[in-house]
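Colleague: Sharing a structure with you now.
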Amino acid sequence: MKLTNSISPTNLDGEINKNSQPSNDNQQQQQPKINKIINKFSESINSVSKTIGKGIGDLTSSNALDEHIKNHNSNFIDPFYNEEAVVVVDDENIRSLIGDNCSSIGNIGVNGIEAFYGEHNNKKSELIKQFLKINSTNNKSNQTIVVDHMDYSVMERQSSSSSSSSSRSTGVSKLIPFLKRKEKIEILKDLSFYLKPGMMVLLLSEAGSGVSTLFKCLTNRIPKRGSINGDILFDNEPIDGESHHSQYLFVQQSDHHISTLTVKETLEFSIECQSNLSREAKKQLSSNILSILGISHVADTYIGNQSIRGISGGQKKRMTVAVELVKGAKAIMIDQATNGLDSTSAFELLNSIQMISKVSNVPALVSLLQPSPEIFSLFSHILMMKDGEITFFGEKHQIFDHFSDYGLECKDKQNPAEFLSSIYHQAQLDPDCQLKSSSDFIVAYKQSQYYKDCLIKISQERLSNHKFSGDKSIKIIENEKEQQQQEIYQLSLIKQIQLNLKRAFLTTIRDRASILSRVIKSSLLGLLIGTLFFQLDSSQKSANLLPSLSFFLLTFVVFGSLAGVGQVFSERPVFYDQKIGKYYKSIAYFFAGLVSDLIWNFIDVIIFCSISYWLIGLNHSADRFFFFLLAIYLLDCLVNRVSKMVSIYSPNAAIASTIAPLYFSLFLLMAGYLIHRNSIPIYWRWMHYISPFKWVFEAILSNQLHGQTFTCKSDELLPPIGYPLLNVSFPDGYSGSQVCPIIDGIEILKSKDINSDYSYKYYSVWIILSMYLLFSILSIIGLSNITFDNIISNKEKNNGNGNNNYNGKESINEESIKLSIKQHQQKQFESNEKCYLTFKNLTYKVLIKKKNHQKVSRTLLHDINGYVKPGSMVALIGSSGAGKSTLLDILANRKDQGIISGEILLNGKARDKCFNRYVAYVEQEDTLPDFQTVREAITFSALLRLPNDTMTHQDKLDTVDYILDVLELNSIANTLIGKVDHGITQEQRKRVNIAIEMASLPDILFLDEPTTGLTSVAAELIMQLIKRVALDGRSVICTIHQPSETIFKKFDSILLLTQGGFVAYFGELGPNCRTVLNYCSDLGFNCPQGKNPADFLLDFSASFNSASRLASNDKMIPSIRSRIKNVGNYCFDGSSNLNNKNEIKQQQTTTQNVNLGNEDKQQQQQEEANDDNNIQEATSSNSNNNNNNDIIDNYQFSNLNRDTIEIIDSGLPIGFISKTFKEKNATSFLFQFFMLLFRFFVCAIRRRNLIMTRIIRSILLSVVTGTLYLQLKNDQDGVMDRISFIFFTSTFASISCLSNIPTVFEDRFLFYHELNSNTYRHLSYILAMILADLPFTIMYSLLFSAPIYWIVGLQNDVDKFLFFIFVYYLYLQVLVSFSQLLGMVSPTLATANEITGISFSVFSLFAGFIIKKDDIPSYYKWLNYVSITRYLVEPLTVNEMTGSVSFHCEPHQLIPVPIHYTPTNATASEPTKLVFKSFCPITQGNQVLYQFDINDTDKFEDTFVLIGLFIGFLLLILIFSKILKFKK
């Protein structure tokens, strides 16, 4: 039976469906030339697509799919055609969809590709069948999507570079972004197209054309600042904001996954959240999807990130597809899902999508950058866009007719996909073409009959159903329950919370560094406080220490709970995606995180309190202990919740780390310890009552002091011994009488203005709980309503800052490149001194820990031999996970983990310290400076990496201009690079990355997938440039995915790797790839005519028994216990033979050779060989292969491999003089330092939001604190208020420096990359980083210290004022350096925050204020010298307490001393009389210094110590940042 529906005029093989009717009479006769082109390409890829379809045809032979097929049988009127189109889906139809003529691939033998693909596709057909059956309840067949005259625009703050900037844009508005005027920026304009059931639509465009924005509009992911005009209809209904997620599958460009979850765990979480299947069905679906996408072998591998080794980039992309396939078969939307995949994997992925689309009758819209002919054949329609508008939409065969009318014709042997991808570029080069500008293409399409037919069909579709009113504004239906026919969420709220809670626990447990730091922090601080305040008694000393102890507990909680900031930002992208996908409600995610935090916080607190409480010797009553535990726990939870709430509302971690300390600083100040309640001005007293620290401080004190009595030792009585008037007779003196100041706890409470009612402490519990509830509600509101989007319009549109212009001078072709070189940069680009790189017997092993905790030595690369000669290009190709990037890392000297054996020689010599000067490495992950412009980043690289002795400054700048020109970066040259989701596009980032490395004019250029993420035109241009580089005498080694035939033929040699890191071929490519194809042909593998040789070689590399090979990669490492047992058996068992002994010895040697420090980071692709039996079986299998060699053995024993080894061993050509460098770096230290200093300073200025936040924080705290201590009096309260004020300035500085850690942490990955490239010296970077921060630190310190000095009313002395602000700046600078040290040496941001909490707590505790130096136990005296805070408190105290300052007592501050004396008129009945004489404790500043054990000389000594600490931290940063590098 034939397929009667003519929705798609082409079949899977790209052939024109003769039954399809053109949309107008003028085009009923297809041009013979166009038909010839299409048919020629159809023939060229026929064998491949049909062979792949061979196995799929078996879908119809099984009864398992019968029920699914019946569900899709339907008759319907298709408004897109004038006649009735009857779709009858039966066995024959399915065969026609997937190809029923299964011809063999060439003339190949039993072991060839036909047998391989036959078995592979039979399995895949079964998997597709199972997938559709399992997900039958979630599938949505017969969907139709209509986009009718849709526009999309956003309101953006006026760009400083915008030509529309007026006089209103003042200097202030440039500094403060939110003061700029908003302007409307159009991103998408007048889009009209449709997606019908079963249609496969290929979306082709240039970078910056708004494709990703279009997908966001279709999936209802647009930001609130944007607006849509026009209609988007799904099944003739407008988008329903509540249920729209169930209408589509969307695979976006970015891969957002939690790095510490495995592939299987990530997929299972998605299945649980998005399906309502049975438990068994969910397991089958998980296994099914992993198998369809070819990632079953990495199911138990972590996803990974920049610091954690995990799956490869291509596997991450397939993981992104996997979590969407969970939804079932429905409208499919894919935004560049093949980036990072090899061509075979890309075809397999899209072929699976096409099967699902056709069999389930759902539409698919897929954007691709470099589609191969095989991939191109999968699509029925083409949608082309440029500058946010459509330049064509229609059937695949129609597009060639359309463009041929304007002089753009596809040549006979040209790939149609490449022709269409480069059509705008070709139009510029063709003088006969009538289309030049973007508007020409747009107008041409809108004047065509194809556009008119599209509008007619859209109108017919809309008229067929009158449910929609036709309003021109998009209608998002919110909360209309009567229109919801299904549940928005698949799971109940309880189940959602359970799943999120399980995931939260997994991610926390696997962050071992963070857990370890938390446990150590709680234990150490518990021991520290417990032993510092060890066994407090009833003395006056203990009475004075209790308030200090209570306050320190508050600071401990604050410093220890700020680590929650980093967690929010690491999980935010994943949460945003899953929130939009309706995985769970925001409240479920929140509650899961809340419960997780409550549990982990309790563990922290119980460790801390259990240790410290009993060591301190607080009240032994059980109820008092549990209340103490409760109070600390509630405060810890509240502080953690506030930190996370601030993070939810903050755009980045640096802002959150600035705002959160502001909150804590203010409310710590208002707690009632540093300044008593009655001393707080009435206008700030409200802050005292809403401060959570006030309630906990008072509760802890009240809990301990009620019922407590105190006594005095002789040296604690007042007036003290040695007081001049103590023994003077009354009334001039005290007649030797003394008094005990504090006799019970109630007196302490009253002195602190605390309610003495015992039940008062319970109020704090309810108030803290209320505050926790408030901040929880705010968190839920933020999670539900705030999304920091990444649509950046002004980089894509008006200013030309984001699209590839092919107009005028910016149109570059190969001839112009050659001309540009000859005229301008030939001298710079030609390499007079050549470099040879050889590698022999290169093997790479790592140690991993498997699921059963068995340690395994895994070989990732096996005996790799090869070389690269000057002027040649070597391609490293292989499937995903074959080890291409690993090999490139090793050759480029970027691997510092694992065990590398073999020989790598540069010009016949081992690599030395100058090796990286010869090479440049374009890494797969684009590590770029966020706050530099494109030109600045490239110029920075050129100026530092090009030698000054052979090139002038102008030569370097000319090189930069040339690279900008060739890579077509001029249009964005002055645009900030930004982050991945908030800057230039991914395609542009790739070109910038290549440009930065090219700027060094390397002798050997390593490139890891340089064309991934690029359009065909951009890829072609880049490879032209790279070829030109090679022709100028440089060596190029490049891994590449999905190369077009044109690009592939530019290489001179290839190194073909198989799964497991084996070599299948190394040698010349030959003219038209004949050399390598002849080699394959000799082995019985013939490349079909017209097939891309690169794709054929990838198929060839997979034609071996991978299971046995991969199993043999692993060698078990026996445990120490088993080794001892084996040795014992050998010693005592006479039957032990020499082989057993050798086996033990070999295992021991293997253990010694593996880096044991990277067990968790070295998880790789395969998880076979779970026990010794597997290895024995693999060994046996390999031994059997000797009689029937596979492609690996064939190459290993081939003449080609022997010839390669002979060439390597023969050494350098006779007379060759190797190029040598004497210095590791190309430029001097001073030049590097000033370049880095300038970059740091400029980038810091461009962080405007962060600068303004810190400025506001400094000014706000200065004003609030100053007015709180407004014009301090010289009474007794004024004495302690001065000391507490000085101490608070240190607390503010300590908390403020936390915001520096995220910035340093983010920048260090760029530092690692540039340091590996020998861009600069390690010392120059560290010095520049620290010194560049000096001006900003000075500014922040002055904004705080200068106003507050006079507001508080310290001594009216200019010298003392200048000393105050100078010492405060020094202290702040030291803390900044300390935070920079932690940012450089901590493995994670959470760990850095935990270490900061411990450090700042210790600094505050031992500064001499909370506990005086005399009261510090002898075994902790050294911590007083370690405390950085001491060196601020002491000099500022001396500065204030010396000079003309004096103090007095107000009447209520005098201490009455009882005196018994004999009056002159005494009688026998009353010989003595009791009187009271008032005592004023402090009248001079030196008394304060004496009490705190501070000397006048400390003022300057401590100042020099601060300077020394600054230098010391600088040295520590230099040392530890060189030793510790946290990379994969």
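Note: Cβ is positioned from N, Cα and C throughout, glycine not excepted.
Sharing the record's features from Swiss-Prot:
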{"type": "BINDING", "residues": "S205, E206, A207, G208, S209, G210, V211, S212", "note": "ATP 1 binding site"}
{"type": "BINDING", "residues": "G878, S879, S880, G881, A882, G883, K884, S885", "note": "ATP 2 binding site"}
{"type": "COMPBIAS", "residues": "1-11", "note": "compositional bias 'Polar residues'"}
{"type": "COMPBIAS", "residues": "17-32", "note": "compositional bias 'Low complexity'"}
{"type": "COMPBIAS", "residues": "1163-1189", "note": "compositional bias 'Low complexity'"}
{"type": "DOMAIN", "residues": "167-412", "note": "domain 'ABC transporter 1'"}
{"type": "DOMAIN", "residues": "509-738", "note": "domain 'ABC transmembrane type-2 1'"}
{"type": "DOMAIN", "residues": "837-1085", "note": "domain 'ABC transporter 2'"}
{"type": "REGION", "residues": "1-32", "note": "region 'Disordered'"}
{"type": "REGION", "residues": "1159-1189", "note": "region 'Disordered'"}
{"type": "TRANSMEM", "residues": "514-534", "note": "transmembrane segment"}
{"type": "TRANSMEM", "residues": "545-565", "note": "transmembrane segment"}
{"type": "TRANSMEM", "residues": "598-618", "note": "transmembrane segment"}
{"type": "TRANSMEM", "residues": "625-645", "note": "transmembrane segment"}
{"type": "TRANSMEM", "residues": "655-675", "note": "transmembrane segment"}
{"type": "TRANSMEM", "residues": "763-783", "note": "transmembrane segment"}
{"type": "TRANSMEM", "residues": "1255-1272", "note": "transmembrane segment"}
{"type": "TRANSMEM", "residues": "1285-1305", "note": "transmembrane segment"}
{"type": "TRANSMEM", "residues": "1334-1354", "note": "transmembrane segment"}
{"type": "TRANSMEM", "residues": "1361-1381", "note": "transmembrane segment"}
{"type": "TRANSMEM", "residues": "1391-1411", "note": "transmembrane segment"}
{"type": "TRANSMEM", "residues": "1504-1524", "note": "transmembrane segment"}
Colleague: Cα-Cα, whole number of Å: G881 (ATP 2 binding site) versus G208 (ATP 1 binding site)?
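Modeller: If we compare the Cα positions of G881 (ATP 2 binding site) and G208 (ATP 1 binding site), the gap is 31 Å.
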Colleague: Is the count of Cβ pairs under 8 Å between the transmembrane segment (1391-1411) and the transmembrane segment (514-534), pairs 6 or more apart in sequence, 3 or more?
Modeller: yes
Colleague: Please list, in sequence order, every residue of the chain apart from G878, S879, S880, G881, A882, G883, K884, S885 whose Cβ lies within 8 Å of the Cβ centroid of the ATP 2 site.
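Modeller: Residues close to the ATP 2 site, other than G878, S879, S880, G881, A882, G883, K884, S885: S312, D342, T1039, L1057, Q1059.
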Colleague: Would you mind pulling the DSSP three-state label for A207 (ATP 1 binding site)?
Modeller: coil
Colleague: What else in the chain is close to the transmembrane segment (598-618), if you only count residues 6 or more beyond its ends and a Cβ gap under 8 Å?
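Modeller: Residues 508, 518-519, 521-523, 525-527, 529-531, 533-537, 549, 556, 560-561, 624-625, 628-629, 632-633, 636-637, 640, 704 contact the transmembrane segment (598-618) from elsewhere in the chain.
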Colleague: With a 10 Å radius around each C-beta, find which of these binding-site residues (A207, V211, A882) has the fewest other C-beta atoms nearby.
Modeller: V211
Colleague: If we skip the immediate neighbours and take only residues 6+ beyond the ends of the transmembrane segment (655-675), which ones have a Cβ under 8 Å from one of its Cβ atoms?
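Modeller: Residues 547-548, 550-551, 554-555, 558, 562, 565, 568-569, 639, 642-643, 646-647, 684, 687-688, 690-694, 697-698, 752-754, 1249-1250, 1253-1254, 1257, 1260-1261, 1264-1265, 1268-1269, 1281, 1284-1285, 1287-1288, 1291-1292, 1295-1296, 1298-1299, 1301-1302.
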Colleague: Take the transmembrane segment (763-783) and find every residue of the same chain, 6 or more past its ends, with a Cβ under 8 Å from one of its Cβ atoms.
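Modeller: Long-range Cβ neighbours of the transmembrane segment (763-783): 575, 579, 586-587, 589-590, 594, 630-631, 634-635, 637-638, 641-642, 644-645, 648-649, 692, 695-696, 698-699.
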Colleague: Mind giving me a neighbour count for K884 (ATP 2 binding site)? Other Cβ atoms within 10 Å of its Cβ, every protein chain shown.
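Modeller: Looking across every protein chain shown, the total is 26.
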Colleague: Could you pull out which residues elsewhere in the chain have a CB under 8 Å from any CB of the transmembrane segment (1334-1354), counting only those six or more residues past its ends?
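Modeller: Cβ under 8 Å, 6 or more out: 1241, 1244, 1251, 1254-1255, 1258-1259, 1261-1263, 1265-1267, 1269-1272, 1282, 1285, 1289, 1292, 1296, 1360-1361, 1364-1365, 1368-1369, 1372-1373, 1376, 1440.
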Colleague: Limited to the domain 'ABC transporter 2' (837-1085), I'd like the whole-number average of pLDDT.
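Modeller: Mean per-residue confidence for the domain 'ABC transporter 2' (837-1085): 88 out of 100.
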Colleague: Given the binding-site residues S205, A207, G208, V211, find the one whose Cα is closest in space to the Cα of K884 (ATP 2 binding site).
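Modeller: Closest candidate to K884 (ATP 2 binding site), judged by Cα separation, is A207.
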Colleague: List the Cα distance (Å, whole number) between S212 (ATP 1 binding site) and S885 (ATP 2 binding site).
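Modeller: Rounded to a whole number, the Cα-Cα distance is 28 Å.
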Colleague: Give me the non-local Cβ neighbours of G878 (ATP 2 binding site): same chain, 6+ apart in sequence, Cβ-Cβ under 8 Å, ordered along the sequence.
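Modeller: Set apart from G878 (ATP 2 binding site) by at least 6 residues yet with Cβ under 8 Å, we have D342, K884, L1056, L1057, T1058, Q1059, L1098, S1101.
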Colleague: Cα-Cα separation of G208 (ATP 1 binding site) and S885 (ATP 2 binding site), in Å?
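Modeller: Spelling it out, the Cα of G208 (ATP 1 binding site) and the Cα of S885 (ATP 2 binding site) are 29 Å apart.
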Colleague: Of the binding-site residues listed here (A207, S209, G210), which is spatially closest to G883 (ATP 2 binding site) when Cα positions are compared?
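Modeller: Its closest listed neighbour, by Cα, is A207.
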Colleague: Let me check the 10 A CB neighbour count of G881 (ATP 2 binding site). How many other CB atoms are there?
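Modeller: Other Cβ atoms within 10 Å of G881 (ATP 2 binding site): 26.
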